[in-house]
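**Student:** Got a structure for you, questions after.
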Amino acid sequence: MAEKAPPGLNRKTSRSTLSLPPEPVDIIRSKTCSRRVKINVGGLNHEVLWRTPDRLPRTRLGKLRDCNTHESLLEVCDDYNLGHNEYFFDRHPGAFTSILNFYRTGKLHMMEEMCALSVGQELDYWGIDEIYLESCCQARYHQKKEQMNEELRREAETMRDGEGEEFDNTCCPEKRKKSRDLLEKPNSSVAAKILAIVSNLFIVLSTIALSLNTLPELQEMDEFGQPNDNPQLAHVEAVCNAWFTMEYLLRFLSSPNKWKFFKGPLNVIDLLAILPYYVTIFLTESNKSVLQFQNVRRVVQIFRIMRILRILKLARHSTGLQSLGFTLRRSYNELGLLILFLAMGIMIFSSLVFFAEKDADATKFTSIPASFWWATITMTTVGYGDIYPKTLLGKSVGGLCCIAGVLVIALPIPIIVPPFSEFYKEQKRQEKAIKRREALERAKRNGSIVSMNLKDAFARSMELIDVAVEKAGESSSTKDSADDNHLSPSRWKWARKALSETSSNKSYENKYQEVSQKDSHEQLNNTSSSSPQHLSAQKLEMLYNEITKTQPHPAPNPDGQEQPDRPSAYEEEIEMEEVVCPQEQLAVAQGEVIVDMKSTSSIDSFTSCATDFTETERSPLPPLSASHLQMRFPPDLAGTDEHQRARGPPFLMLARGKGPAGRDAILEYAPVDITVSLDASGSKVGSHGPLQPDSASESPKSSLKGSNPLKSRSLRVNFKENRGSAPQTPPSTARPLPVTTADFSLTAPQLISTILLEETPSQGDRPLLGAEGSAHCQGPSKGLSPRFPKQKLFPFSSRERRSFTEIDT
C-alpha cells in the first residue's frame, strides 16, 4: 500500500513529491533491492521469495515481477508500497493460502469450508486453471460446482420469469398487476389466501359431484331409458364450472404475456377441466334424436371422464404436487430408462413362458401377446393370480421374472427420489426468498432501507468526485488530503485526462500552478470533507450540485493585471531547511523552528512557489564553482518577438507591475565572478555598471535533467508590492526556524538574494534555483563584494500577486 510520509519526516524514498506516481526506475530499484516480497491479501500478510511467483510467469503473481510502471502495477494489484516492498490484493485471504501453497509445492487443493463457486472465482482471478486441482479435490469440486450451477440456473429462470412479466406497456398496469397477484400468488395478501381457499373448495365440490353422479340411486332415467345426471348435482356442476371459467378468464386478462399464458402447464390443465362441460352440453343439445344421440353418447362419456382432471387444479396451490410434476419432468431420462428395462423384461419373459407352457393342458398362455399381461404383473410384483404357469419349466421362468422385476424397478428409484426431495426444499426456499425480496422492495419504496454494494458506492463516489474536479478544474482543484492514498487509480485517471485535454505544450508545472491558486487551508478542509471514504451517496450528490453551480475564478494573468483581493487573514507556513555558507548564515528571525521542506514538498502546500525537490537530502552548499547568477538589461525587449525570446538562453524575467523601474530584468547563468542584487526601488547594481548583453553559459549538469519530462519544470515566484517599511531582521546563527508569509508581509522588500542549490552528484541533476526562502548568492571569493555591503530581505507573495518571475530551466 502506497503510504504518505507524515509531516515533518524526511523519508529517503525514491520520490519525495507525493503528488506524482513513482518512476519505473524507482519500481525496478525497489524490486531488486530485496530477494523477498510482501504480499498482502485481504489484510493477511505473506512474505515469499521472488523466485516463488516466478515459477508460474503467466499467472497474476508471476506478472507482478515484470510490471515496472505505475499503471501496469495497478492492473495487477490493487495497491502497493515501494518503501516496504509490499503489494496489496483485495481478495479472499483463505483461498490465497491454497493458491500460494500451489506456487511453493506445485499441489493445488481446495479448502473444505469454501464454496465451489468462490474457489472457481479465485482461481480465475489469480490466473490458475482448475485442471491443476489434485484428484482428491477434483470430484468434490466438480460435484459442488455442478450443483451450484444448477441452483443458479433455476434461480435465474425464476427471476427471469418474474422480471419478464412487466405491465409497463399494457393498459392499466397497476390494476392488472394487483389482480395477477391476487390470482397467482396466494401468499401475497390475505385476500389472495381467501380466494385460493375458495377455489380449492370449488375443485373439491365439483369432484364430489362428479363422483355422486355415477351412483344409480341418484341417477334419473330419460325418455329413451338411459340414465341421466341428477338435476341438483347438475346445478352444482354448472356453478362450479362457471367459477372455473370466470377464474380462467380473469387470469388470462391479467397476464402480461398471452402466448406464455396458454403454454403454461397449469393453465392447460384448467382449460381441459373446463372444455368437457361445454362440449357435452353442445353435443347433447344439438343431437336430440335417438340415432344421433346414440352416435355421440360415447364421445360425451369421454368428455365427462375428462372432468376428473379438475383435481389437478389443486397443484396450483400445492407445493408437493408441483414438486411431483417437476420430478417427472426432470427425471424423464431415468423414467424412460425404467420403462425400457421393463419392456425388455416383459418381452423376454413372456416369450420364455409361452414356449414353456404352450404344450400344457388348458393353458392360458395361448400366444406371446397374451403372455404380456402375466410378465407385467409379475415383474411389478403384483401377481393377481388370474394367470400363472403350471409346468416346472414355466415356474422357473416365473421365478426369474420376479427377481428381474425387483432389480429393474429398485435400481432407478434412488435416482428419482432425490430430485423430488431437492425440488421440494428448493420450492420452499424460493417461497421464502420471494417473500424476503418483496419485503425489501417494499422497504426500499418506503425509504426505510438503502441497499448499496460497497464497491459500487465507492466507484460511484469516485465518479462524482472526478466530475466535480473537472467542473471546478478551470479555477481551482482540491489538495490531496494527508490521509488519502495518493496512488488511487481513479485519481491518476483524472490526471491523465486533464493532461490530454490541455495542449501538448502545457507542462506539469503549469497544471500545478493553476492548482496552487486556491487557499491551502481551504483545500485541506474541502478534501478532508469530500474524501470518498467518508461520504455517503447523498452528500456526494449535494457536493456535485454545489460545485456545478459555482462560478469559475479568473485564472492568473501573466500580463501583470491585478488579481482579486484575498482575505487579509491569510497566513501560510513555509517549511525550510538550513543552508550554511562559509561567510554568513541565512537571515531569519529568532525563536522559530525550521521543518524539513520535503515533508510538504507537494505543489499545493503553498500558493506562491512551484518547484521540484530532489530525492536526496540537502547538504550545506559548497562555494559555487561552475555557474553563477548574472543580471543584464538588454537595450530594448519591447520590440522583441516572444517566440524569439523563448528561443534564447535560460533567463529570469522580472516584470514589475508598479514602480519607477518598469523594465524587464533578465537573469541568466554566466561564469562571471560577480554577485547581483536589486534594491527596493528596482534599480540595478553591478560591478561593471550596466551589464552588457553577452552569451550565457549553462552549467554542465543542466543537460542531464532535461530528458526527464517530470523534472524539467520551470520555477515561478510571485512577488508583492511594498506594504511599508520595517526594520531589517538581523542575521542569526541559531538553528533555522519556520517562516510564515504573514511575518514577511510586515517587512519592506529591500533586497532579492538568490542562491543556486546543487543536488548530490549521484543524482546527475543540474542545480535548481531555490525560491522557497530568503537566501544570498556568493562568488568564488572568500568575502563579499565591497559593492554589496548589506544583506536585505525580500518578502514572499501572499494573497496578492502583482508580478510573476519565471526561471526556465
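Including glycine, each Cβ sits where the backbone N, Cα and C put it.
Small disclaimer: the values here were computed from a predicted structure and weren't measured.
Feature table excerpt (Swiss-Prot):
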COMPBIAS  508-522  compositional bias 'Basic and acidic residues'
COMPBIAS  798-809  compositional bias 'Basic and acidic residues'
REGION    1-22  region 'Disordered'
REGION    503-534  region 'Disordered'
REGION    549-571  region 'Disordered'
REGION    681-742  region 'Disordered'
REGION    757-809  region 'Disordered'
MOTIF     381-386  motif 'Selectivity filter'
MOTIF     605-611  motif 'FFAT'
TOPO_DOM  213-232  topological domain 'Extracellular'
TOPO_DOM  285-296  topological domain 'Extracellular'
TOPO_DOM  355-368  topological domain 'Extracellular'
TOPO_DOM  389-395  topological domain 'Extracellular'
TRANSMEM  191-212  transmembrane segment
TRANSMEM  233-254  transmembrane segment
TRANSMEM  266-284  transmembrane segment
TRANSMEM  297-317  transmembrane segment
TRANSMEM  333-354  transmembrane segment
TRANSMEM  396-424  transmembrane segment
**Student:** With a Cβ cut-off under 8 Å, give me the same-chain residues at least six positions beyond the ends of the transmembrane segment (297-317) that come close to it.
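**Tutor:** Residues 186, 196, 199-200, 203, 206-207, 210, 226, 244, 266, 269-270, 272-273, 275-277, 279-280, 283-284, 325 contact the transmembrane segment (297-317) from elsewhere in the chain.
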**Student:** Please figure out which one of 191-212, 233-254, 266-284, 333-354 racks up the most CB pairs under 8 Å against the transmembrane segment (396-424).
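**Tutor:** The stretch I would name here is 333-354.
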**Student:** Please count the residues of the topological domain 'Extracellular' (213-232) that DSSP assigns to helix (H, G, I), strand (E, B) and coil.
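**Tutor:** Residue counts for the topological domain 'Extracellular' (213-232) by secondary structure: 5 helix, 4 strand, 11 coil.
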**Student:** In the topological domain 'Extracellular' (389-395), how many residues does DSSP put in helix, strand and coil?
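**Tutor:** Reading the DSSP string over the topological domain 'Extracellular' (389-395) gives 4 helix, 0 strand, 3 coil.
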**Student:** Please spell out the DSSP helix, strand and coil residue counts for the topological domain 'Extracellular' (355-368).
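**Tutor:** Helix, strand, coil within the topological domain 'Extracellular' (355-368): 4 helix, 0 strand, 10 coil.
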**Student:** Please list, for the motif 'Selectivity filter' (381-386), how many residues fall into helix, strand and coil according to DSSP.
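**Tutor:** Reading the DSSP string over the motif 'Selectivity filter' (381-386) gives 0 helix, 0 strand, 6 coil.
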**Student:** In the same chain, which residue numbers or ranges, 6 or more beyond the ends of the topological domain 'Extracellular' (355-368), come under 8 angstroms Cβ to Cβ?
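**Tutor:** 374, 387, 389-391, 393-394, 396-397.
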